[in-house]
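> Can you keep this structure in mind? I'll have questions shortly.
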Amino acid sequence: MALKYFVLIIAILAVVTSISHASDPSPLQDFCVAVNDSMNAVFVNGKFCKNSMDVTADDFFRTELNMAGNTSNQLRSAVTAVNVNNSIGLNTLGISLARIDFAPYGLNPPHTHPRGTEVLALFEGTLYVGFVLSNPGPNMKSKLFTKILHPRDIQKPGVITIANAVFGSDPRISDDVLAKAFQIDKKVVDYLQS
């Protein structure tokens with residue numbers, strides 16, 4: 001009888017004192033500079049990786065972000081993106097960057113960021129920014145959060161879905177902004193917001 005209790009106590013102690021460890025797996029390598037040629041390359045995350053012996057500093061360097069974009073267009077804004085498609089050193093790092101230039105009264109159309117979030121830092125001028133709570137709980141409406149940013153302010157809006165969020169937010173997004181962004185008549189915007 002004493003042996004039963006002894007075994008039971010040992011079993012309970014073994015379960016209670018066991019160490020549990022959980023984490024994301026370590027990356028297969030520190031970086032994976034993307035290449036299209038599979039010769040002497042490793043396939044990781046949908047891209048072939050350049051042999052690490054052939055990697056140079058230029059694989060991680062871009063100059064596009066120091067040049068203003070052309071805002072002479074209907075939206076009066078220009079987005080200069082830096083991602084794995086034009087900066088091969090970003091492959092597998094989970095990083096994309098963008099510079100957005102605005103002319104006065106310019107706008108960046110409502111958009112989403114699947115598989116990512118957005119951090120916005122303003123360096124010059126003022127900017128009206130916002131995001132929509134797009135997946136509210138039951139009996140709730142999508143909610144619009146807005147702010148006017150000044151130089152050195154930062155807003156981290158996260159990820160949004162467009163459909164119900166853009167035309168169903170409370171308070172409503174200006175029909176002037178939506179008509180210009182979607183290049184549709186204000187009457188259509190008013191109809192969609194009703």
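Backbone N, Cα and C define each Cβ position, glycine as well.
Okay, these came from TrEMBL:
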type	residues	note
BINDING	N108, H113, E118	oxalate binding site
BINDING	H111, H113, E118	Mn(2+) binding site
DISULFID	C32-C49	disulfide bond
DOMAIN	65-190	domain 'Cupin type-1'
SIGNAL	1-22	signal peptide
> Check the domain 'Cupin type-1' (65-190) for me and report the mean pLDDT.
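A mean pLDDT of 82 is what the model gives the domain 'Cupin type-1' (65-190).
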> Per DSSP, to which secondary structure element type does C49 (disulfide bond) belong, with helix, strand and coil as the options?
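The three-state answer is strand.
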> Measuring Cα to Cα, how far is C32 (disulfide bond) from N108 (oxalate binding site) in Å?
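Taking the Cα atoms only, C32 (disulfide bond) lies 32 Å from N108 (oxalate binding site).
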> Which residue among the disulfide-bonded residues C32, C49 has the fewest other Cβ atoms within 10 Å of its Cβ, if you could check?
C49
> With DSSP, how much of the domain 'Cupin type-1' (65-190) is helix, how much strand and how much coil, in residues?
23 helix, 33 strand, 70 coil
> Give the three-state DSSP assignment (helix, strand or coil) for C32 (disulfide bond).
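DSSP call for C32 (disulfide bond): coil, neither helix nor strand.
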> State the Cα to Cα distance, in Å, between H113 (oxalate binding site) and C49 (disulfide bond), rounded to an integer.
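Distance between the two Cα atoms comes out at 25 Å.
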